[in-house]
Amino acid sequence: MSSVRIECVAEEGCGVGESPVWDEQEGALLFVDITGRKVCRWSPLTGTAQAIALDAPVSSVALRKSGDYVITLGTRFAALKWKEQLVTTITQVDKDKANTRFNDGKVDPAGRYFAGTMAEEIRPAVLERQQGSLYTLLPDLSVVKHFDQVDISNGLDWSLDHRTFFYIDSLSYSVDAFDYDLQTGKIGNRRSIYKLEKEESIPDGMCIDTEGKLWVACYDGGRVIRLDPETGKRLQTVKLPVDKTTSCCFGGKDYSEMYVTSASDGMDKEWLSRQPQAGGIFKITGLGVKGVPPYPFAG
């Protein structure tokens, strides 16, 4: 085991930092602050993050093949032009529901943008249950709804052979797998591959490494865990200096660095004084594995 090193590279104090995505072209890390309503881009060269303020909770960001980004904003899929700081709505979901918003989202290997919704929280992880759904924004800008009755739609990724879709509905305390058809984007045959243990708390964001193993950020668990989706066994635990770890991705020149987002919402003064880096962005090196570059949205 190589020596694992953890450092807080951006003390952003995010309310809910989420959706880290490595932008290879910019050599920078994208992420969002959901409750802070901003999309950020952190440069390792300058050590600083630029931010674009938005008019609604922004829960995920993805690269776009034609340039710039796509985001999930409130209950909208939207396009974001970075330099112009211009946001254009692509389409809206959950029109029949007054109190939902998008949560985590990610682009599949064919360029489709998957993202799910949840009810607005009363306080962190406390909300009206089964109000969410999982959607896909297709490259032709139409939307497909896969299923509803979701509590907190969260982490998502695809197996290296693109035949399995991995998904987390946080309050099920489970990492699930579906059969995946890359040609059609259809999912089926849902099953649980890992149930979280008590101290791991709530499964949140997720990514995959080049060995096909999953990394899951554990909200209120202060860690990321590495899972083998074939055996359902936990292979590794990396503890962080903050409790509210929210999501993870690989990045850096060769995708050997892991970036982990975190949250500070719901923490009182005493808690924050013990964890002053809550809401920051962490870099983990020395894991001995690399990640898969993110796919851009094809539309």
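Glycine too: its Cβ is placed from the backbone N, Cα and C atoms.
Record features (TrEMBL):
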DOMAIN    16-264  domain 'SMP-30/Gluconolactonase/LRE-like region'
BINDING   E18, N154, D204  divalent metal cation binding site
BINDING   R101, N103, E121  substrate binding site
ACT_SITE  D204  active site, proton donor/acceptor
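Over the domain 'SMP-30/Gluconolactonase/LRE-like region' (16-264) the predicted model carries a mean pLDDT of 97. Here E121 (substrate binding site) comes close to L127: these same-chain residues lie at least six apart in sequence, with C-beta atoms under 8 angstroms from its C-beta. The Cβ centroid of R101, N103, E121 marks the substrate site; residues of that chain outside this set whose Cβ lies within 8 Å of it are I34, P57, S59, T100, F102, T117, M118, A119, E120, L127, I152, given in sequence order. For the pair N154 (divalent metal cation binding site) and R101 (substrate binding site), the C-alpha distance works out to 12 angstrom. With respect to their backbone Cα atoms, N103 (substrate binding site) and D204 (divalent metal cation binding site) stand 10 Å from each other.
Comment: substrate site residues R101, N103, E121; largest CA to CA distance 11 Å, whole number. For R101 (substrate binding site), the same-chain residues lying six or more positions away in sequence with a CB closer than 8 A to its CB are A56, P57, S59, G74, T75, T117, M118, E120.
Summary for the binding-site residues N103, N154: the Cβ-based neighbour count within 10 Å is maximal at N154. Fewest Cβ neighbours within 10 Å among the binding-site residues E18, D204: this applies to E18.
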